[in-house]
Amino acid sequence: MKSDAITGSKAGITIAAMAAALMSVLDISIVNVALNDIRASFGTPMDQIAWVSTGYMMANVVVIPMTGWLQRRFGFRRYFTFSILMFTAASVLCGLAWNLPSLVVFRILQGVGGGAIIPTSQAILFARYPREEHGMAGALFGLGAVTGPLLGPTVGGLLIESSSWHWIFLINVPIGLFAAFMAWRNIEQKGFQPSAERVDRYGIALLAVGMAALQYVLEEGNRHDWFDSQEITALAVIAGVALITFVVHELETPSPVVDLRVFANRSYTAATGINLMVGTALFSGTFLFSLFLGSVAHYSALDIGLLFLKGSAIQVLIMPLVGRFGGKLDGRVMVALGIIGVSLSLWTNGHLATNADNSALITPIFIRACSLGLVFVPLSVIALSDLRPEQRGNAAGLYNLTRELGGSIGTAWMSSSLSRTTQLNVTTLTSKVDVYSQATAEQVAALQGSLAGRVPDPTGAAYGILQMKIAAQAMVRAFNANFMVLTALFVCTLVFVLMLKKPAPGVKVEGAH
């Protein structure tokens, strides 16, 4: 056994990893629900409240790729426990924040702790479970990671309705303390020796500047009209130069903070490409559908959360089953079936209507939930099991980073595309309306009759309602068009499946760092 291999109670380590992963992803989905309430509480302008999410994600994407190096330097037990405690302490500070700047600072601290939790949880489980149980390890990790987004909107809505937004952060405290206790008590690395490799300060600086600038551009670009803004243009150039220089430096230095040589493994590279596309489809698809439910179907935040909970709860059953029996099937086949299923769900979303009933809305969520269960578990096993033990911590960080980046890129792209497509559709539909036609006259007359005696100007109000109907139809068409683009893009992901290698049976796995 390697001197730095993980031992200790398998059950205790699993509980710690699942609890920490649950807390981390639960927080992200809860905060998104509460942004309007936080804005109202602080009297913050609409264009500034996004910093509550942007600050967290900027810190997150800087830390995630460095997790492998930090694990080697401090050990799984110390680094994982410290990250959980930092996230928990920052959550308390967020709950006590007195204005927007203080909340953003505390969210950045929370992002530093949270950035390590997901990749380190995954690496710890792959280190503790033997090779033949990697499917179950991936399923248990995924179970913790997917339960958060399922519960987040519903829990967030309930907390806000029953108390205040402060509790969306304070709810992390008991979970965090429990996870930290279980991690410190159960994770063992007998004979662990901190890495003696020199600190790659230049690489860390380039990574921090490049990733923070890139994340800012992705988060704020649409609000600033992208490259019409000098600020966004300058930061995009900074991100590009810093990240290109970072890649060159990391490939040349003998002690890189992020070992990019892991991409020499064909299966890992293909799995990472699929994971990037999964992030794009999952986050941007959820973004579009949530926006449709709120702006067109007029669902409340709590109703949206409950709809996603009902449709996605099947994932909690699917993932353990895939972990338990998936080892008997070719993981590549399951990934391909999952990709086809996700594509089908996006295609179904591309046929939305203003009067869609509940079954039409919940069906694509259900299909996507079942399909993602087939993708997540075997894909992580294929990506990490074929690597050397000392590569897995670094590889897990990069693997999770690609999903986050895919989500940021996809959401920014869909947000910008939705605005442009909606405006184009409004112009097109308005040009087709003949105000002098009999059909238009009949609609206006019917509206006038229903509004007579209720408003001062029934004719003006009737034309206003007609314009609102045009705008609503334009939005629906824009949503459908964007879902179709996502469908076509995600179908292309099947090409990456052809590059995956089936992991060789019987390979002993001793670590994931």
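Placement of Cβ uses the backbone N, Cα and C atoms for every residue, glycine included.
TrEMBL lists 13-505 with the feature domain 'Major facilitator superfamily (MFS) profile'. Per TrEMBL, the feature transmembrane segment maps to 12-36, 48-67, 79-98, 104-127, 139-160, 199-218, 230-248, 268-292, 304-322, 334-353, 365-384, 478-500 (among others).
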Under 8 angstroms for C-beta pairs, at least 3 of them, ignoring pairs fewer than 6 apart in sequence. Is the transmembrane segment (12-36) in contact with the transmembrane segment (104-127) by that rule?
yes
Proximity verdict for the transmembrane segment (334-353) and the transmembrane segment (478-500), three or more C-beta pairs under 8 Å:
yes
Are there residues at least six beyond either end of the transmembrane segment (199-218) with Cβ under 8 Å to its Cβ atoms? List them, or say none.
54, 57-58, 61-62, 65-66, 69, 232, 235-236, 238-239, 241-243, 245-246, 249-250, 253, 255-258, 405, 408-409, 411-412
Same-chain residues near the transmembrane segment (79-98), Cβ under 8 Å, at least 6 residues beyond its ends:
16, 20, 23-24, 27, 67, 70-71, 73, 106-107, 109-110, 112-117, 120-121, 124, 166-167, 169-170, 172-173, 176-177, 179-180, 183-184, 187
Okay, the transmembrane segment (48-67) and the transmembrane segment (139-160): do they have at least three CB pairs under 8 Å, pairs separated by 6 or more?
no
Are there residues at least six beyond either end of the transmembrane segment (304-322) with Cβ under 8 Å to its Cβ atoms? List them, or say none.
33, 135-136, 139-140, 142-143, 146-147, 149-157, 286, 290, 293-294, 334, 358, 361-366, 368-370, 372-374, 376-378
